[in-house]
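Pulled from Swiss-Prot:
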BINDING   G75, L80, R141  S-adenosyl-L-methionine binding site
Amino acid sequence: MNPATQLADGIATLGLSITESNQARLLQYLALIQKWNRVHNLTAVREPEAMLALHVLDSLAVLPHIGGSRIADVGSGAGLPGIPVALARPEWRVVLVESNHKKAAFLQQARIELGLENVEVIGERMEGVRSNAGFNTVISRAFSDLADFVKLAGHLCARGEEQGTDCGRLVAMKGVYPHEELAQLPETFIVDNILSLTIPGLRAKRHLVVLKRAGQ
């Protein structure tokens, strides 16, 4: 199956609507990762078909479960899930936070080449980033531990009064159900939802853990 067909079929299976032009930009993004990967080792996945499923479709699968006008992707790495999210939802403002200089340089180049006017790249450690308004969604697939995610990125979540009606959410992209991590969750954040996701082309388990501030 060629990449364009694989992508279109995957998007349809996920029940998403993404314009043809933005599907083409998603494929352009994939090609850009492959190009940079030869030198900078952005991802251990090398095979294009696997990369499309493991990175692009895996990122797009979160779309029905996140929202708000301001999204932060912390520990963004190669721009996952932030760049696919930004391409699929150009009306959202997406901030990519990545402290590794080579990866941050890739993100800046991708932003320019893909014409991502709704994307900002911050080349700093996430715990040092400050946002006056806070973010509706702070998402990451970089963390192996939920407690670390809360500790380092929790301050970026908008508080209820800043949102008008609701507080922001921390959203962690996980593999198997994280029983042990949930048991160690700090008291400052509680579970809002845990969703099991099916990714087209992947057999591996995927879960989305949604956290909110305790008391909000």
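All residue numbers here begin at 1 and follow the chain in the order shown.
Cβ coordinates are placed from backbone N, Cα and C, and glycine is handled just like the others.
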Quick one: give me the count of other CB atoms within 10 A of the CB of L80 (S-adenosyl-L-methionine binding site).
-> 26
List of residues, in chain order, with Cβ under 8 A from that of R141 (S-adenosyl-L-methionine binding site) and at least 6 apart = D58, G75, L80, P81, A172, M173, K174
For the recorded S-adenosyl-L-methionine site formed by G75, L80, R141, which further same-chain residues have Cβ atoms within 8 Å of the site's Cβ center?
-> D73, S76, G77, P81, G82, I139, S140, A142, M173
Name the secondary structure element type, per DSSP in three states, that contains L80 (S-adenosyl-L-methionine binding site).
-> coil
